Amino acid sequence: MKAPASASLKAPVKFRMPTSENLVPIRLDIEIDGQRYKDAFTWNPNDPDSEVQPFAKRTVKELKLPSGFGGQIQQSIQSQLADFRSYEGQDMYNGEKIVPIKLDLRVNHTVIRDQFLWDLNNFESDPEEFARTLCKDLCIEDPEVGPAIAVAIREQLYEVAVQNVASARENRLSKKGRRGSEHFPASKVSGAALDLMKLFNFRSSVIRKRKDWDYYKPVLDLLSNEDVDVLEAREERSGR
Amino acid sequence: MAAKSPLKEPPTPVPAQSSDTQLKFSSPNPTTPPVKPEISPTTAANSTPAATPRPSLLHPSPDAGVVHVPSYSRWFSWENIDECEIRFLPEFFDSRSPSKNPRVYKYYRNSIIKQFRENPARKITFTEVRKTLVGDVLSVRRVFDFLEMWGLINYSTSPATRPLSWEDSKEGKSSGDGASLESSAHAHAHAHAQAQPKETVRKLCSGCKSVCSIACFACDKYDLTLCARCYVRGNYRVGVSNADFRRVEISEEIKTDWTEKDTLQLLEAIMHNGDDWKRVAQHVGGRSEKDCITHFIKLPFGEEFVGYPDSNDGEYGSESNKRMRLTPLADASNPIMAQAAFLSAIAGEGIAEAAARAAVATLFEEENRGSKWNDRSLCRNAKQEVDAASNGETNQDTLEKVNEDANAVIEKEEQDMERKISGIIQVQMKEIQDKILRFEEFDLQMEKEWHQIERMKSLLFADQLNLLFHKSAVLRTKDRIEENGKTDVAQ
């Protein structure tokens, strides 16, 4: 079996987020005494860890949360950072990867659904820039949507990167030799990646089929207050 | 300086001519209010926050639709980025990370300010802002803190909600950042030093944005400076390795130089306060006690006071000489002094003096290496030296041996140097000889060519002669033919 030409074997790269800035997506979902605090933002792992506590304190103070939240917030952030750092030293396998990124978020009154392809090898990619442009193009008024989109994109990229680390580790463990490792890209790599060769070979065209158009464009919904309440109640019930 | 005065004065109510700049929502550049002339130069305005960020005046009531901005933030405009912003938030302007560029900074800054101005009566919190901005939260926070500090947001004229003054906002690294950056802003804005303690250029760690005090690691390749903690933790960018860093000591020379004035102050202070190094340090202005002590020891005092028979020659012996003549066991208050006095009394003067000299010498050496734990071991060493002084001869022997070793090392180094220098000289001589050879070759070539040219010239000359001859010959034959023709005709 001929290894597909797209699977050019690159030397494994040190783990990092495949974006221009090595930022970590942090998601917080803390509940104390019936009060729920959900948040998501990006954190720069190069900032010293001593910054976590003042940040947590400030958040608690400004949102007027009960003080029990402070410790939990700090712990959660630190554990997510620690996870990220634990991957940091390791190698990440780096094949040709175009992954679909899906957005399906509700932020206050805005619901956005979108799907697009993202190139994992482009280490210059910038989810923040993408989110900003998306909001501007869709004329989204709620300024909180942008960051939520950026964090969602980052999270998905993070997951894929983590899978890459795992696959790189497997490659190393199962030493099938050089020829074997060339086969890996086709078979072992997570199924989420699309094989570009199949998409873009001479038989099919680069233009997307009409039936896919609806999937790949952003859908924006503005909800009314009642809808928001309904959705929130449903989320809480499912979340418990 | 004139610029300091408006802020240092108690806020005199000058309502109409408030130094608060009144801005409409959209107009970027403030109108200069008719105020005292000290405030007008913007550079002075920039430096005033060093005193306190309090505006010089209070405004009685905030008008709706009018935003107040303190006079020291007059530089702000929507379109432009002022240099003090570049100074305070260098991360956006030094193109170290591709997504932190001035455009992003402007986006953060403008959106934060816009948000605040939608409801200027209310303080805007960082969390609200952070939720709406796309980007990594700590950079947003830094921009937010910067704007708050300069009164561009959350600036309300009632004293209760005034932004934190410098003294209060000492928590967090940003203020440390701000404070030292502020001091370098000082240096920029005013060439002359203020009366405040000297703010020299402090090294800021680019990793944790704190002031490097002990030792710093500079990486020239990427122009980073890290404090010891960040270096050890590996808290630097991807792509920079351990080897790229070199250690830069914050030695006394770099931090502060002992000027004449400082030395004078030091001496005065010592005369007044004797052993109370804390007060001495305060008097000198900005040097730690250790610095004062070490500098004092290094001053060339010892020789003058050798004659004192009862003087103590312990570690800090010279200072006591300066103070007054002490009998050996007199100063029992300072335990080290007492011990030194006791030991020197027992061991005899000469030995104790030698021990003290050695202690000072090692102290000096250790200082140059500059790490704190060395000092502690040094104190131990010094103590040991003093203890050793009580064993008379062995001390002398070890001293001599040490002396010899040192001399040997010095000689070896000198020889090394000489050898190296002679090597260099030889190489250079060879170069010169080569050059001379080449020039000679050139000369030869030139001569040859010259000869050639001469030959060609003579050939040319010969040709010309030939030509002339032929010409004249042709002319003569022509004449003859004509004559013959004439005679023929005549016949």
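Note: Cβ is positioned from N, Cα and C throughout, glycine not excepted.
Residue ranges B:161-194, B:297-330 are listed, and TrEMBL annotates B:161-194 among them as region 'Disordered'.
As a summary of secondary structure, the domain 'HTH myb-type' (B:255-292) carries 27 helix, 0 strand, 11 coil according to DSSP.
Each residue in the domain 'SANT' (B:253-304) has a pLDDT score, and their mean in this model is 73. Here the domain 'SWIRM' (B:67-164) is broken down by DSSP into helix, strand and coil counts: 52 helix, 4 strand, 42 coil.
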